[in-house]
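Remarks on the structure that follows.
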Amino acid sequence: MGVGVKLTEFSKSAGCAAKIGPGVLAEVVGRLPSAVDENLIVGVETADDAAVYRVSDEVALIQTVDFFPPMVDDPYTFGQIAAANALSDVYAMGGEPRLALNVVAFPNCLGAEVLGEILAGGASKVQEAGAVLAGGHSINDEEPKYGLCVSGFVHPDRIWKNGGAQAGDVLLLTKPLGVGLINTAVKAGMASAEAEKKAVESMSCLNKMAMEVLREAEVHSCTDVTGFGLTGHALETARASKASLVIETKKLEVLPDALFYASMGLVPEGTYRNKEFNKKDVRIEEQVDEALEDLVFDPQTSGGLLVSLPGRDAEMVLRKLEQAGYPLKAGIVGFVTDLQDKYLLIR
């Protein structure tokens with residue numbers, strides 16, 4: 001917003017593409033001691049979106065933290081996207097954000113004005129979510145990073161988890177795919193203005209409206225699609241549900257030019273990490289071309305909710321989102337079957 005700095009020049013990776021690869025992460029987390037507490041409802045075991053702790057018979061606390069380096073140049077927009085991404089984990093658990101703390105790593109050379117714009121952007125999304133921003137923590141770092149630690153609440157009997165998908169369910173995705181590919185093209189100076197604009201609109205859109213409409217449906221599982229891509233988060237759902245998921249690539253909503261950038265080789269490093277870690281559990285049919293394959297492994301920043309639910313409920317959700325003026329393209333992208341030889345089929 002007029003501070004004359006290009007944040008992406010200071011970042012090595014863009015947004016959620018900066019996440020540690022799923023293979024390394026799984027190895028490290030697997031060494032941690034198991035948490036033992038009868039009130040811990042959701043921990044690390046199923047790689048869910050947030051931790052959930054029972055406070056009482058009526059209230060459960062949702063706790064999450066998320067931060068990353070810039071994927072856009074404008075500081076205010078970066079703050080908005082980072083905050084929307086962090087808040088999303090609470091929505092993915094079916095909860096409402098209530099309290100947020102800033103997490104900041106920032107180089108002194110960029111100055112207070114730039115940092116102020118980032119924090120203002122984040123604060124705008126926290127306010128939009130109906131939560132309170134109450135401080136945070138900051139350190140010096142050569143690469144700027146920003147995000148939030150978010151606390152929210154949900155009734156213990158109404159928690160959405162990434163496990164619970166049932167054979168016969170359809171898969172609903174509430175945002176289009178391709179932001180990782182577009183962010184890579186932006187960093188290379190090759191993205192169109194339209195593609196960049198649509199990617200920013202998607203990344204900065206809260207999953208609040210989608211969550212509120214989904215509360216009227218019979219949700220069996222829910223997760224948000226972020227750095228491990230559609231395939232990675234679909235696999236987490238499949239494993240936790242002991243079921244197989246089928247993704248139909250012809251039904252995917254795709255941001256402008258994303259497949260073109262994939263065909264040009266403008267693919268984030270995180271895509272290759274996601275492929276390497278998950279390929280053993282995925283079968284990709286021959287008709288799926290390389291660009292579409294890159295798309296389904298593409299790391300998303302502030303992506304949509306991937307939900308399994310009955311088909312009639314999915315149609316109702318899509319109808320109500322449209323009636324409510326939902327600004328993005330949501331759609332049914334696949335279905336759930338009994339467990340097959342692979343957890344995930346891409347066709």
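Cβ atoms here come from the backbone N, Cα and C positions, even for glycine.
Quick look at what TrEMBL lists:
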- CYS16: active site (ACT_SITE)
- LYS19, THR46, ALA47, ASP48, ASP66, ASP89, GLY136, HIS137, SER138: ATP binding site (BINDING)
- ASP49, ASP89, ASP224: Mg(2+) binding site (BINDING)
- 48-154: domain 'PurM-like N-terminal' (DOMAIN)
- 166-341: domain 'PurM-like C-terminal' (DOMAIN)
- LYS19: site 'Important for catalytic activity' (SITE)
Cβ-Cβ neighbours of SER138 (ATP binding site) (radius 10 Å): 13
Distance, ASP49 (Mg(2+) binding site) to SER138 (ATP binding site) (CA atoms, angstrom): 24
Cβ neighbour count (within 10 Å, all chains shown) around ASP89 (Mg(2+) binding site): 26
DSSP residue counts for the domain 'PurM-like N-terminal' (48-154), split into helix, strand and coil: 39 helix, 43 strand, 25 coil
ASP66 (ATP binding site) and ASP49 (Mg(2+) binding site), distance between Cα atoms, whole Å: 10
Mean predicted confidence [pLDDT] for the domain 'PurM-like C-terminal' (166-341): 96
Spatial separation of ASP224 (Mg(2+) binding site) from GLY136 (ATP binding site) - C-alpha basis, Å: 24
Cα distance (Å, whole number) from ASP66 (ATP binding site) to ASP89 (Mg(2+) binding site): 9
